[in-house]
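To keep things clear, I will list the structure first and then write my remarks on it.
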């Protein structure tokens, strides 16, 4: 709220009264000045701001505010001075620099300061239009001297912004001022192709003036005629554009003047017309535009005039529109516009569209209006009246174009709606999708009986936009579709129409059109609607400015909710009803299944939104929102009396959607519940369609009765419609088709019923119908119940009967081939025997051929149909599921009429031709694949002409096969004699004298007999009684063309079984153009190799059979739905369809969503088959020893790595290790160590066999091989399933790729992996484990030593962090990288530096020395970020950088600061820094890490007993070793799933990373760096167990632990351990162990080394650690496989846990899980290390012992928490 001057003065006085200090009063002057500025008291504002500047002279905001006040007073000099001072105080004010430059150029361009500030602003705003204008002003003041510079400036600006109107006009003006008119005309001609310029009034005015000046100049007179014609062409086009823009934006007087100027240009061009050139075509088109604009101007004059005679104006306007509409379209192309569209063609479409619609609008409701206009005004009098109404000048009419044009030849031609719809599409392209134009067109169609083609309009504008979305519930801009935009346009047109009707008052003349012509009508849509439409167009065409993209998306997203009636949409119910009715009507009129489904589906969506509102309307009215997208109109509010009718319409739409989806029964039930003519009509369509579908086949009596019932129901419903229409005429309006169409359909149904009553569909008047007159077809449609009520039933030219198309194609094919057959048939007639009875055909005698596959039709004779091609196998009408008319269009070259003698003629129809064939038809010369395993005879190798190609792939059924003798039907069987002599093709008998049995039946059989055999075989068995003749007839057939020898067809699918086959359309993604391209149409098969079990996917194109997909199916493949379709799946695979392996992204599109879902299920089932793992539930849990062995191997690896660390740190430790090895007590235990528990143990055990891994294997992305695990043999030493780094001949598993890139799937018939069990391999007692060999797919290159430059430096600090660099140009911190930041110290010169590399890429992002003058400072607002300045060399060159590093934790940040300060001190003292590594490892350095170890340990379960005799199990050790006694007992334990032979693999299982070592730590005596060296020794005849943990940090139970007080390393290595760190009693042992807390702190271990020795040891230790890290990196691939197998083990654990038979061990397993979870989630360190012996011991104890262990662990944890606290 703006304050007045009095309000501000009172407020200022009150504030000053409370402020005693003068300085404080002055400090408030800025605020007071702003208040006075708001009150527009600029003098008082200057007064207070000046008092503020006196005390705060360096405030840039105050100087800027003062400059603004001076600028308002137009005191430019003082304003510039204030702005300049503000910029000096704050140079970041870029906009103020531009402001100073603009003020100086505005004040005095010649001022030298202006040039300086313009150049300064140009550096800050490169490419800014404001800068260009300032530079242009500076160059203009230089006159002719600056023209060259100005020309260069304009050219450079045009290159950046070619659509800028001002720059183009400026260039043309520069050409004109320099007398370079030809260049100006050339630029105008070139720029006319730019749509942005064509829509500018200023640009078109400039072009018209330039072209007129050029035509009048001397240059034009000297030029040739073609140049003059081209210039005239451009001038006429410019006049047309200018006239259109002027009508929209200027007043009537300017429109008149411009139209008169346009008239003069047409008159001058008229005199020089000749021939069919560009100027003539343009002149004719511009004539039409001239009259169209004249008619629009007349109506505009009526809109703005007073006391207007609308009748006179409308009649003259109708005359103009008639002339414009009857101007023919141009026949030549003028030039190409945007997107290659012809410019004249688009202008002609726009003219015809506007003129046609205005003619219909003016003549609406007036009979013979156009005829009267032509009779009255199509003469000289009317022409004179038109001239007087348009032009006000007194020039003679004869010299003008309008006065001299001949208008007496026009006809009364009313536009056709079909033509208008076609013209509208071109007009939309001309207007580039303007919402105003689309709304105007919609309003014109709103008054016409036909529906507007909005769908076609939008498809012209948005080619690639999907028609419908499956995500109606979302409002994401990416989900927008054509239907959303169509609904939006419907809403805009609907509300605009209602608004126009409200404006038409009672004085509205009948001659005044409801909607004015497009150029003169006001804006028809709201600003909100226009902004949303523009935002959608910008996003779809990807023309958004980067900074404006988010705003556009938000705008589109907000209105999508309204369009889809989501949430609080605020739509008027009447509008929702309008949308639903329009969509239902449009969808019903479509022939496309998907069109119907999408339109009717969206209609149902809106009806569901309307129905709840209708219930509310019964009680209350719907509230109107404040600012809706579509305005509410109370004139169309739904009344309570209309609610029932709308609810009925909604339920009819629901039923129609059911019918479209194929739910016919539901649709029939719904329609029958609604008593209305619309439901009766739909029911009639449904039942008639059912009858048609049955009629297509040869009908049985039951089918005839069913068809008759359907036709009867159809007749009854049609009669109901006619009766209701006769009784109530208002009912007819609801009917979706004319009543005449209903009567026509009824007559057709009655005729069909009469046919049934006369003998069925195959009989008429007691005789057989002609085959060629009764062939019926069914045009395939995605839905067989296409409800099209908007069209007449059968006689509409747009939708002919479904069978006519196929019948016409069949008849055309017959006509083409009759001539080819006639010659041969004449020869056959001449050679035929007169004694033989002829086969009587309906017209002529043709040789018998076969029919194309899939052809169906009514046939005169069973087995002898009228046919077209000879390659199809079927003789019955058996339509294929994927019916394709291409089967009927085989090339004529396939037709080979067989020349035969008179002996080959068939019997007459009286005797019949009754071959007992199956519905699958005949097959010539080849059997079905299903019969290949049967014994077959070799086809006869003679000159027979009956061997055809293999077309078995087209039909699944089996049929009669000619050319085989074993179990097939042959012509030899047909004419078999009584003596039993057979018949062979091509065999000549010299004694043959003709048929002796002429006149008898050749073929007689019984269909029932063959029907019984059809279930087991597709071939006919021989029947001697059925095919015997009286004499032995040796029939000889002479082939017309000698057939080549039969070649066995090899497809590569011989040894494979078809698991799945379905017709699909395949697509391939082209990465170059980023589009899906169709690859072929055919059957997609999934084949299984019967030998090796491999599965592959194969697809061949139809007819040509070219392979378009051929690849293996692996478990790593993943089906993903294709966006925008629920019938398509896409996947990636190495495809071999082109011969070589190529990674392709493929997509298969199915006919229905059900088929797509079936394919997905089959695909996943095949992936599960690849796993080949049987699902078995163990009935008894038996411990086979695998879990125990797995834990043993893991612990061996850990202890080996720890001992290796200890070995690296101390020479004394090395001595101890050597002694241990010498006495056979190696702590790192070799990998041969096994656990040998008591053989007599009968406790409960676990079984780890019979894995069911199918569920998890599908998620496995590593291996596609199948794994089969089976129970192991009960041998003491078992063979392991997996083994690294060794090869064994008995290997059953290999990580070799299942797909070799050098061979295609069709060539690889051998399995790449073999699956077996442990029992399949014979092992001996000496073979401890099977060595599994893993052959790499791609060999690795030789290992190259990587030199990082950090070799001679120790890592003092290392932790993951994020580093930033300060960018001075933008004044912001910018992220430089994320990685490990290290502080390194050189061993030689003690220099310290900071090094940081980015993750993965390892690029340096920090590299500089730490100098004494450097200091770390906290960044404001956070304590975890340190900031410093250094000379950094990260980019190779020295550069001063402001750096900042951010850590995740506060203690890490503090540690970094501490080490940083120590580094500065250490450099001064020339000493080494004590290393501190703040974390153990990074993900990159530790591929496996502790999580993998924890998961591995979590997945293990075992139970063993304590070793007997003197061997005591050391519960605290990390490595278990067995007794070496000669007595060997069988261990019922499970071998581990993984056994690693390589030492480097073992080392990954260490629980800690190798750390830099600190001498003089506080570990207990006998420990070094946290590791115990008090290795307990056994007796002389037993081995020792090394203790890998002791000291203060390794106590299991402080209260019960007893340690040696004064022991050292030498004593511990020679003495026998008496007190163990942790031990538990067993059932067989009564030994009690006590645990006591040490009485005093153990003494520190001191090592007296020299400085050089310490440095040398640290170097060697660091190098060893680096070498260890290298080994860890080498086995990264192995770890990945390990982790995947661990996942499989986890899934098995979960399965076993769900087993009800594990009740006894469930509690123990639950506790073990809890301990393991504690181990996983504890931080690395002593707390985690202390759990290891607990876990190991627990896994070996009985349930009772584990319960005791639980109490021990609980006490330990409580003590640990108290000590840490």
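Note that Cβ sites are derived from N, Cα and C of the backbone, with glycine treated the same way.
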(message) Say a student had to find the phosphothreonine annotation in Swiss-Prot: which of 19, 896, 1177, 1411 would be the correct pick?
(response) 19
(request) State the residue range annotated as region 'Disordered' by Swiss-Prot; the candidates are 1538-1579, 1580-1621, 1622-1663. (result) 1580-1621
(request) Could you tell me which of the ranges 858-879, 902-923, 924-945 is annotated in Swiss-Prot as region 'Disordered'? (result) 924-945
(request) Examine the ranges 1306-1330, 1331-1355, 1356-1380 and name the one recorded by Swiss-Prot as region 'Disordered'. (result) 1306-1330
(request) Work out, from DSSP, the number of helix, strand and coil residues along the repeat 'TPR 2' (60-93). (result) 27 helix, 0 strand, 7 coil
(message) Validating a neighbour-count step here. Other CB atoms within 10 A of the CB of residue 19 (phosphothreonine): how many?
(response) 13
(message) Can you tell me which parts of the same chain pack against the repeat 'TPR 2' (60-93), counting only residues 6+ beyond its ends and a CB-CB cutoff under 8 A?
(response) 30, 33-34, 37, 42, 45-46, 49-50, 52-53, 99-100, 103-104, 106-107, 113, 1371
(message) Which secondary structure state does DSSP assign to residue 19 (phosphothreonine), in the simple three-class scheme?
(response) coil
(request) Let me know the model's mean pLDDT on the repeat 'TPR 2' (60-93). (result) 91
